[in-house]
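Encoded as C-alpha cells, the structure appears first; notes follow it.
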Amino acid sequence: MKSLERKHLDEVQYARVIALLGVFAVHSSSTGLVSSPPESLPFIIYNFFNIAGKFGTPVFFFLSSFVLFYTYYPRKLSIGLFGKFYKKRLLYILVPYVVFSVFYFLFKAYFYQIYTDPSQMGKEFLIDLVTGKAHSHLYFVFVSVQFYLMFPIILYLFQRFAVIRNYAILIGFLIQWTWVLINSFYLQVPAKGSVALSYFLFYFFGAFLGVYYEKVAAWIGNWRKVWPFIALIVVSYVYMLYFYVTIYYEIRTNQWTGSTRTAEFAWSTHAFFAAALIFIVAHFMASWKLARMQKVITEIGAVSFGMYLIHPFFLMILERVITGGSPIVFHSWQLLTLFITFFSSWFLVRLVYDFVPYSWVFFGQGNRVWNIKKNIKTK
C-alpha cells in the first residue's frame, strides 16, 4: 500500500470540544434533574440537557477511531508499527487511567465515608480497575482499551478487503445490534455499556471517514451542491433527539411502556447523526476567519482528555457545597456549577501540562502553552 502523508486536522479538536460539552451537559444536569419534581418545567429542561448531551461519549469513540484510521490506514503494517502504537496507549491512556482509578476510589472512600477493611477495599479496587468502575465515567477508557486490542486485526481487514471499507457503517451497525439483541434475549450482561461491541457503529463510522477522509472533506467543502443531504442529516438528528428525549421523559415519569431496545435504538441513532453533524460543523468551523476563537477551541480540544478525567472531582466538591435555598438560587447554582467545573478542569489540566514534570502520568500526552521557554529548553 502506498504511504500517504496526511495533514494535521484542527477539525478533530473542534469536534472534541463539542463532544466534551455534551459530556459536561449530562453530568452537570444530573443534580438538578433528580431534585426537581417530574411535573415541573425545570425537570423538563434538565431532562432535555441530560439526554441531549448523551452524544458526547459515543462521539469521542467515533473521533478516536477516525484519528486511528486517518493515521494508520495508509501505513504498511509491521510489528514495529504496532509496538509504537501500544507503547503510546500504555503511557498516555492506561497510566492516567490507573492513576485516576486509584484517585477516585480513595477520594470517594474518604468523601462518602465508605471505609471497609484494607483487604476488602483492595479486592474492590482491583475489580473496579479491571472493569472501569472506579468512577462512572472511567468506562470510556475501559471500552477504548478493548478497541485498541482489536485495532490491529480490524485495520488489517480494512486494508485487505474493499467490501469492509465500503460497507463499514453497515457492518458496524450489524455487529453492534447483533450484540445488543443477543445480550437482550440471552446473555443479559448488566454492564453492557462497558463492552466495546456496544459502540461498533461509531467505531466503524469513524474508520470509514478516516479511510476516505479526502473524499469526505471534498464533499463537505462542496456544501452548496450537497446541502440537501446535509439538511437531511440535520433534520434526522433533530427528530431523533426529540424521540430520544421524549422516551426518557416518559421513562423518568413512569409513563414508558416500550422496550429497552427502542430506547437503545433512539440513543444509538441520535448519537450517530450527532457524530455526522459534528464532523460537518467542525469542518465549517475550520473555514471561519476567526483565528482567536479557533485558537481557544483548539486549546480546549487539546486538553479534553484531561478535562474528561478530572471534571467529576469538581462536580462532587460543588455538589457538597451547594445547598437548597429558593428555586432561583438552586437553579442558578446548577448553571454556575457547569461553568465552574468546565473552566476549573481546563485550568488545572493546563497548569499540570505546563508546570508539572511527567504530566503525562496524570492527563496523557499534552503540550505547553504558558511555559514555552521551559518547553524549548527541554527539546
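From the backbone N, Cα and C atoms, a Cβ is placed for every residue, glycine too.
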Task: From 12-31, 332-351, the residue range that TrEMBL assigns the feature transmembrane segment - done: 12-31
- [ ] Taking the transmembrane segment (195-214) as the first stretch and the transmembrane segment (296-318) as the second, find out whether 3 or more Cβ pairs fall under 8 Å, excluding pairs closer than 6 in sequence.
- [x] no
- [ ] Find the average pLDDT over the domain 'Acyltransferase 3' (11-349) in the predicted model and report it.
- [x] 96
